[in-house]
Amino acid sequence: MAVQDEYILVTGGAGYIGSHTVIELINHGYKVIIVDNLCNSCYDAVARVEFIVRKSIKFFKLDLRDKEGLAQIFDTFKIKGVIHFAALKAVGESMKLPLEYYDNNICGTITLLNVMREHRVKTVVFSSSATVYGDATRFDNMIPIPESCPNDPTNPYGKTKYAIENIIKDLHTSDNTWRGAILRYFNPIGAHPSGLLGEDPLGIPNNLLPFLAQVAIGRREKLLVFGDDYDSHDGTPIRDYIHVVDLAKGHIAALNYLNKINNSEGMYREWNLGTGKGSSVFDIYHAFCKEVGKDLPYEVVGRRTGDVLNLTASPNRANSELKWKAELSITDACRDLWKWTIENPFGFQIDNYKWKLFNTLGIMDYKNRLHTICFQDLEVSIANYGALVQAVRYKGRNLVNGFNDFSRYKLKENPFFGATIGRFANRIANGQFEVDGHLYTLCKNENNKTTLHGGNNGFDKQFFLGPIARQYEDYNTLEFILVDKDGNNGFPSDLETLVKYTIKNNSLEIEYKSVIPEYSKLNVTAVNLTNHSYWNLASPNKTIDGTIIKSTTNVYLKVNSETSLPTGDIVEWQNDITKPTKLDPNISFDNCFIVDREASKFCLDTRKYSLKNIVEVIHPSVPVKLVVSTTEPAFQLYTGDGNDICEFQSRSGFCVETGRFINALNNEKWSKQVILRKGEVYGARSKFSLYAQDLEENKHFLDSASYNSGEYY
């Protein structure tokens, strides 16, 4: 019987501190389930966590007060422990909405603890707050604040945290096998050093540095300093600012501490998580301005209700017992926050971008979403599944074959609509290849003779992580990543592949980058990537007959008629397709045309080359021209004669699959196009540009040369 995986359930795992803690959990070998109702966070943070750790994470959109839904998660998965972040958390807001805070924070926790008790899960790390101490300066000897400082929170937020601490304490008193770690954190700041993850407050930021960051990029006019008449060196309040990564690691240290306790034993203990060093508001202001490179505008206003002079931690207990210590400085935090801010000036709120779940009917699974970038003229939709292009709409006209029902993409008859093809596009002879004296046998998924498009579990049938969505002045990007495991379909080595889509008002560019990661046990593999979109300028559910195609090359790889594999010869096409060629039922293509036949130019990463136009396409009745360009040495032109699925029949679309030579890895002269070793980079770029032109321009295109006609297939 297989051993069931154990999970740490993280409530509020899509939030600022929760998401950073999930990263540290996974980096320390834990499997994680996130539960979050997304009321003051968004799923994009989870997608970015997955991108950073290169692993899929189970996620459930759920309010903790939903006992039935929460219990179902505990029924389904083996939960080993819980890290509890989920809470409303704004001090000022809690003064205005006390009932909402008590209901959400306390009632949600009680429901969680009840479900845990019913499922015999008795390990909880609670993300509390230094606000439970209230104004510690009312005592002469309590700064820095020790855990023994009397508790007297001054606002509803702090009172909910203190109430939850006592609930967990009383639970342990009633059953001493419970293990509760109470982490009283001070002021988290900073962002993940990758620049991919940071605090993204919905609305006006409540915390100092996020607000200051928005001032720095022009989203806010000035910083509001709440009081400069405190008894401090510059009159502003003092706080213990801790880098969010250090804070996240403190939660791992607490969890590890609890896990070392014997199963029959329990404990309840509070720890401060802070640096032990206090900084005033102006200290932080000047540190951040130094990182930005200029002074930022600010205005001193009145004190904020509930604020106190000094909240500096004494972290000695955590240092000694948890073997944890804050290592990162204020400078580190300001640097990481500024990187996050300039790379994500609007956080996760991206103009021209929206997404929705893209699942089989009745299933709610966040690992597959449909991401749409929409400009005035061009709208492109891309799914996590296969990083596939589901729709390309230019001036309201859809130009590619695709399904609105996700389940159809999983049909056996699906001819790879819109998919990213990998790890190796097109055919591999005999389903095998040899490198460094080792023969690798692959999945033979075409007539049990050849490997086609990477095998039965190619990139087209896997869920890519991400995307990282970004906006720029006149374009948007979506970056997806996939980790293809060593041995999948027989291919050696782990492989990390980044697919980056760049969408402008009239173009879709696709960039590929693949590397063998350092952790891979093997150090060589074969790679050839492409996109398998079927284009139809007239109408995606009609035939492409009447479409006019013009290529910049007329040479192709001659193939064996029985195997569809290259003979090794590069020959001229029997009719000149560098002249406009009108498609009709007698003109069919499934051939690899050569853009660059010079072996001296073969390389793994072609991104350094300029894009070359390779194909122009029009339809006489449609005022649109498609131009395909690439850095690649070849492209497969396919007219989709064998397609027959749902509303899409034979010849419902044509493909221009840019890439390397067919079966290049089994040809000594061509193999360096596709053999990737650890430390090297495979890369490629292709672009699909769309132009509006009137029908008279189409006529000129046709008149530029007499178009070909004849039987090509």
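Cβ coordinates are placed from backbone N, Cα and C, and glycine is handled just like the others.
Under the heading region 'Galactowaldenase', Swiss-Prot lists 1-350. On the 0 to 100 pLDDT scale, the region 'Galactowaldenase' (1-350) averages 95 in this prediction.
For Ile23 (NAD(+) binding site), the Cβ neighbour count at a 10 Å cut-off comes to 23, with all displayed protein chains included. Residues annotated as NAD(+) binding site in Swiss-Prot, with sequence analysis given as evidence: 7-38.
The annotation region 'Mutarotase' is assigned in Swiss-Prot to 351-713.
Among the features that Swiss-Prot reports, active site, for mutarotase activity is placed at His532, with the record citing sequence analysis. Of all the Cβ atoms in the protein chains shown, 23 others lie within 10 Å of the Cβ of His532 (active site, for mutarotase activity).
The secondary structure of Lys31 (NAD(+) binding site), as reduced to three states from DSSP, is coil rather than helix or strand.
The two recorded residues Thr11 (NAD(+) binding site) and His532 (active site, for mutarotase activity) have their Cα atoms spaced 40 Å from each other. In the three-state DSSP scheme, Tyr7 (NAD(+) binding site) is classed as strand. Spacing of Gly15 (NAD(+) binding site) relative to His532 (active site, for mutarotase activity) is 37 Å (Cα to Cα, whole number). Counted within 10 Å of its Cβ, the other Cβ atoms near Lys31 (NAD(+) binding site) come to 16, all protein chains included.
Note: the CA-CA distance between Tyr7 (NAD(+) binding site) and His532 (active site, for mutarotase activity) rounds to 38 Å.
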